[in-house]
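Listed in Swiss-Prot for this protein:
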type	residues	note
BINDING	71-76, 105-109, 129-130, Lys142, Lys151, 169-172	NAD(+) binding site
BINDING	Glu184, His247, His264	Zn(2+) binding site
Amino acid sequence: MRTLNVALGDRAYPIHIGPGVLDNAGLIRPFLRTARVAIVTNDVVGPLYLARLQRALEADGVRVDVVTLPDGESHKNWQTLNLVFDMLLATRCERSTTLIALGGGVVGDMAGFAAATYQRGMPFIQVPTTLLSQVDSSVGGKTAINHPLGKNMIGAFYQPRVVLADTATLDTLPDRELKAGLAEVIKYGLIRDPALFDWLEAHIERVLAREPEALAFAIERSCANKAEVVAADETEQGERALLNLGHTFGHAIETGMGYGNWLHGEAVAAGTMMAAELSRRLGWLSAADVARIEALHVRAGLPVLGPPLPVATYLELMANDKKVEEGRLRLVLLRSIGKAVLHAGAAPDVIGASIEARCG
């Protein structure tokens, strides 16, 4: 097991990474205010891992209540969130009860938002079970649900008490989900860690083959990058915005195509290629670097072209992005592999041409 730390002063918390951490109640118990938890999971992850987590906690004297949500991005909404509140109220959970998210990014985002708002805040623990949630969404305290007009538009910053990333849960992860998670790993290499990008170019097939050492390295290196950024800029006033490389385009894809039709990582991959193309057109990124970025995404089994939505639809959806400031669209772009910038000066016609060049 490897432990990293998210340095947020008196709200600092550890990230425990390794096989079997799910079964170790001793990693959870110190962070409980009382001997009571409520677990939020879904109908895919629950049958695989709920009994193990519940058994470990109950053996340690902890009372466990559970709510199982329907799986998928299409359910990340008020209606599903209310199922969590229904359980918390029906079982008389208190402000001191700890909410545990057992699942991928959708479960973590919704459980975290429930924890942030139930009785104005209850303790929260992340147990991510997908590659994407282990390397990205479980760390940093972003919680949200979707709105028909935009992804993650209703939410809060709310940090977990501890993150348990059990790498053995990736053994049951579908190949498509594994590949989608790699989009976020590649992102860290592109925005701030060129050595990670080089490593991925050399070892991407090992990660796809789920070699334990390669997976562990990719997860640990990604979490270390995320932890550093979050510690420096918790509420996304500066550097943390760079973690959104590809996300402005990607969220437009997810919203425009209907939540769940494109996985988040797939949309981020296509969005990253749009950002790379725009960076090239602005004279920042060389054609050779764009080709390297595309080649790595292709080897990872990720899309490098977005869906053929009208450019006007992309731009309309992107106008709802959370990084828009005073009506100006701010995009995360690349000066080089390993150096990202937040840029608000790109002309709409150049943005549109970049989108058009990267639509299938």
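Including glycine, each Cβ sits where the backbone N, Cα and C put it.
Owing to the predicted nature of the structure, the values given are computational and were not obtained by experimental measurement.
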If you measure from the Cα of His264 (Zn(2+) binding site), which of the binding-site residues Asp71, Ser74, Gly108 is the nearest?
Ser74
Reported as an integer number of Å, what is the Cα distance between Asp71 (NAD(+) binding site) and Glu184 (Zn(2+) binding site)?
21
Take the C-alpha atoms of Ser74 (NAD(+) binding site) and His247 (Zn(2+) binding site) and report the distance between them in angstrom, rounded.
18
Binding-site residues compared (Thr130, Thr172) - highest count of Cβ atoms within 10 Å:
Thr130
With an 8 Å cut-off on Cβ-Cβ distance and a minimum sequence separation of at least 6, pull the same-chain contacts of Thr169 (NAD(+) binding site), or say none.
Leu22, Leu48, Tyr49, Thr129, Thr130
For His247 (Zn(2+) binding site): intrachain residues, at least 6 apart, with Cβ closer than 8 Å:
Val268, Gly271, Val332
Just jot down the residues in the same chain as Gly105 (NAD(+) binding site), at least 6 apart in sequence, with C-beta under 8 A of its C-beta; none if empty.
Pro128, Thr130, Leu132, Ser133, Asp136, Ser137, Ser138, His264
Need the DSSP three-state call for Thr172 (NAD(+) binding site) to compare against my parser.
helix
Among Asp71, Glu184, all listed as binding-site residues, which has the most CB atoms within 10 Å of its CB?
Glu184
How many other Cβ atoms sit within 10 Å of the Cβ of Ser74 (NAD(+) binding site)?
14
